[in-house]
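Worksheet for the structure shown next.
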Amino acid sequence: MKALVKAKAEPGLWMQDVPEPEIGPDDVLIRVRKTGICGTDVYIWNWDEWAQRTVPVPLVTGHEFAGEIVALGRDVTDLRVGQRCSGEGHLIGTTSRQSRSGRFHLDPETRGIGVNVQGAFAQYLRLPAFNVVPLPDTIPDEIGAILDPLGNAVHTALSYDLIGEDVLVTGAGPIGIMAAAVARHVGARHVVITDVNETRLQLATRVADVVPVNVAQEDLKSVIPRLGMNQGFDVGMEMSGNPAAFDQMVEAMVMGGRIAMLGIPPRPAPVDWSRIVFKALTIKGVYGREIFETWYKMIAMIENGLDLTPIITHRFAAEDFVQGFDTMRSGLSGKVVLDWS
Ligand code: NAD
Ligand code: ZN
């Protein structure tokens, strides 16, 4: 089969012919139809320090996918051939305390498809049946292919009660925009999203009813009186990975505000803890998606009118992956989807 492989320990990805995966008794074989390109895939392409430490070579990359089940392992009884699906790309163990008590997303033994084990940028993917998430007919393949990052957005956004709250999202990348859309969908009052990239702020306003602030040109605090807010934001979601954005968020929060952090700063950065203490802020680190609570909630929201189609700005055939990755790197896109069918 064709697959996009990290074939050499150097920058690049290579489309190669590799053997189809063999499935075990508890696995399914999925014919991949659509995949999303993630920032993580770009790091793996670039072969940055994190990728060099983490990714074995050779490896089929990719973890955001939708497809169709074409074979069932001998012990799989609750799925069927022909079923459309996406799935959780974090493969969990069964021995940690977290796993054994059902907090699967906190399992320290987690391995990721396309990062530690063979991934989804391929014609076929092996996945444990446990990880499969069937797709209802109302969710098209291309939306199925971005449920993984939407899950990051939903997990972050639903960390705190948002109904009637004033919400700040720093970073209008694909995940920040989706988180802002979720905040709007579940009933936040004002949703403000910041970035330094005008194209992405404009995209945010096409996806959801949010107030864009370009912090390279405008002082974030000026929107507080403009929107009739009292002291600042009740809930913050850090989605840029930029320490300067986190700093700005802390500054703009109300006393007792709550922050969920998904963005990953590329290197350690100083934090003014005294401000966080004196504002009595709560800060929660967010990793991955809740398995499988986030999946149930996001599918329900999509079925109830959360429309994320405009976040997909580019579509390419899988063989045009170079263009797909160039588009991702340009910073001028939302989600980029590759078609494997
Ligand atoms: P992205 O890189 O596409 O988007 C980040 C955005 O932040 C960009 O548009 C950038 O212009 C903007 N930005 C930079 N400086 C800023 C500033 N000072 N103020 C406001 N915005 C600024 O990333 P993404 O794919 O949308 O992911 C968002 C973040 O979440 C990334 O840091 C990513 O590494 C992280 N992430 C974490 C997890 C997890 O499990 N914790 C999972 C996926 C992604
Ligand atoms: Zn991803």
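Quick reminder: no glycine exception, Cβ is built from N, Cα and C everywhere.
Here the structure is a predicted model, which means the values were calculated and not measured.
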Query - Same-site Zn(2+) binder from CYS38, CYS85, given that TrEMBL records HIS63, GLU64 - result: CYS38
Query raised in the report: Of ILE175, ILE302, ILE311, which one shares the NAD(+) site with ASP195, ARG200, LEU262, GLY263, ILE264, VAL286, TYR287 in TrEMBL?
Result: ILE175
Report summary line: Cα nearest ILE264 (NAD(+) binding site) among binding-site residues (CYS38, HIS63, GLU64) -> CYS38
Report task. Can you check which residues sit near LEU262 (NAD(+) binding site), meaning Cβ under 8 Å from its Cβ, same chain, 6 or more apart in sequence, and list them in order? Result -> ASN152, ALA153, HIS155, THR156, ILE175, ALA179, MET237, GLU238, MET239, VAL286
Report summary line: Near ligand 2 by the Cβ criterion (under 6 Å), the binding-site residues from GLU64, ASP195, VAL286 are GLU64
Query raised in the report: Can you tell which of the recorded positions CYS38, THR40, HIS63, GLU64 lies nearest to ARG200 (NAD(+) binding site) in space, using Cα positions?
Result: CYS38
Query raised in the report: What is the interatomic distance between the Cα atoms of CYS38 (Zn(2+) binding site) and GLY263 (NAD(+) binding site), given in whole Å?
Result: 14
